[in-house]
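What follows is one structure encoded as structure tokens, with my remarks underneath.
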Amino acid sequence: MGTSVDAPAVVAEEVTDNMLGGKKVTVVFVLGGPGSGKGTQCTNIVEHFGFTHLSAGDLLRAEIKSGSENGTMIETMIKEGKIVPSEVTIKLLQEAMIKSENDKFLIDGFPRNEENRSAFENVTKISPAFVLFFDCTEEEMEKRLLGRNQGRVDDNIETIRKRFKVFVESSLPVIEYYSSKDKVKKIDAAKPIPEVFEDVTAIFAPYAPKV
Ligand code: C5P
Ligand code: MG
């Protein structure tokens, strides 16, 4: 009544087949604020559950070191705590997954914003099995970042504040999006590393290697 445009009868389904380079892949997104322990726990998950860990931040930092044409742009973005355009990050993730002999991936620190999220699904046709969310207070994350001494250009108080702001404004909405799809497994990441890993282990139990 009163509408002149025909609405489509069916809303388009998400087109995801999770195929990449001739293999069917399982992807888990690992999200959480800077300093929430994503990298640390991913190392544990790799060891116990046979996943390959792909850190978007590490891939971007490697790209700077390799002297690629995007290096200067990426470095500027990281120093400012800003999010690098999706096409750059997605290409790095895609290449790493294709090159790997594994078919189970932890993608850490991605998607960081709505553009990351939608571009990844559109380009790769991959949707995550679930999203592991490390929930931690800013106070605790700040303490960890200032104490970790990895020589990173963005672990200074000024950039840390910017990264927190980007996390709240751009990354939390991504977590809310996946929450609405019942895909988020949230973990209290303020606890000590072994206790966090106990919670992680419970979540990954279905992926334990069969013996
Ligand atoms: O995850 P990590 O803390 O290592 O990321 C460091 C920086 O890398 C981010 O603050 C951001 O500048 C950049 N990055 C990005 N897009 C991503 C992941 C990281 O631009 N998806
Ligand atoms: Mg990290």
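Even glycines carry a Cβ here, placed using N, Cα and C.
When TrEMBL records Gly35, Ser36, Gly37, Lys38, Gly39, Thr40, Lys191 as binding ATP, the matching candidate from Arg112, Arg148, Arg152 it lists for that site is Arg148. Considering only the binding-site residues Gly35, Gly37, Lys38, Gly39, Thr40, Lys191, the residues lying within 10 A of Gly109 (ribonucleoside 5'-phosphate binding site) on a C-alpha to C-alpha basis are Lys38, Gly39. Here Asn116 (CMP binding site) is compared against the binding-site residues Ser36, Gly37, Thr40, Arg61, Arg148, and the shortest C-alpha distance is to Arg61. Remark: Lys38 (ATP binding site) has Val30, Leu31, Gly32, Ser55, Asp108, Gly109, Phe134 as non-local neighbours, by Cβ distance under 8 Å and separation of at least 6 in sequence. In this structure the alpha carbons, written CA, of Arg61 (ribonucleoside 5'-phosphate binding site) and Gly39 (ATP binding site) are 14 Å apart.
Other Cβ atoms within 10 Å of the Cβ of Gly35 (ATP binding site) number 24 in total over all chains. Most buried of the binding-site residues Gly37, Gly39, Gly109, Pro111, judged by other Cβ atoms within 10 Å, is Pro111.
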